[in-house]
Amino acid sequence: MKTLLLTLVVVTIVCLDLGYTLTCLNCPEMFCGKFQICRNGEKICFKKLHQRRPLSWRYIRGCADTCPVGKPYEMIECCSTDKCNR
């Protein structure tokens, strides 16, 4: 009986997500379907749009610990919920 109880406790601990991990989209296309699980300490999802030439944008998405600072010809959006950087 003690073995069964100990086994249940171990399985419960292994299966529970004891900490919240943020999930952000991570791909260079306009319409993104790939995502990544952020590392410990990364609590921000971001989307960076970099204008390469008129009417041509490069998309960069991912996780960050703080919201990145934009450079000229860049737009940056930051958020803090799962897959919010669409």
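Glycine is no exception: its Cβ is also placed from the backbone N, Cα and C atoms.
Note that the structure is a prediction, hence the values are computed from the model and not measured.
Pulled from Swiss-Prot:
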DISULFID  Cys24-Cys45  disulfide bond
DISULFID  Cys27-Cys32  disulfide bond
DISULFID  Cys38-Cys63  disulfide bond
DISULFID  Cys67-Cys78  disulfide bond
DISULFID  Cys79-Cys84  disulfide bond
SIGNAL    1-21  signal peptide
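Mapped onto this structure are the features recorded in Swiss-Prot.
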residue: Cys24; record: disulfide bond; contacts (Cβ under 8 Å, 6+ apart): Phe35, Gln36, Cys38, Cys45, Phe46, Arg61, Gly62, Cys63, Asp82, Lys83, Cys84, Asn85
residue: Cys27; record: disulfide bond; contacts (Cβ under 8 Å, 6+ apart): Gly33, Lys34, Tyr59, Arg61
residue: Cys32; record: disulfide bond; contacts (Cβ under 8 Å, 6+ apart): Leu25, Asn26, Tyr59, Arg61, Arg86
residue: Cys67; record: disulfide bond; contacts (Cβ under 8 Å, 6+ apart): Ile44, Phe46, Ile76, Cys78
residue: Cys79; record: disulfide bond; contacts (Cβ under 8 Å, 6+ apart): Ile44, Cys45, Phe46, Asn85
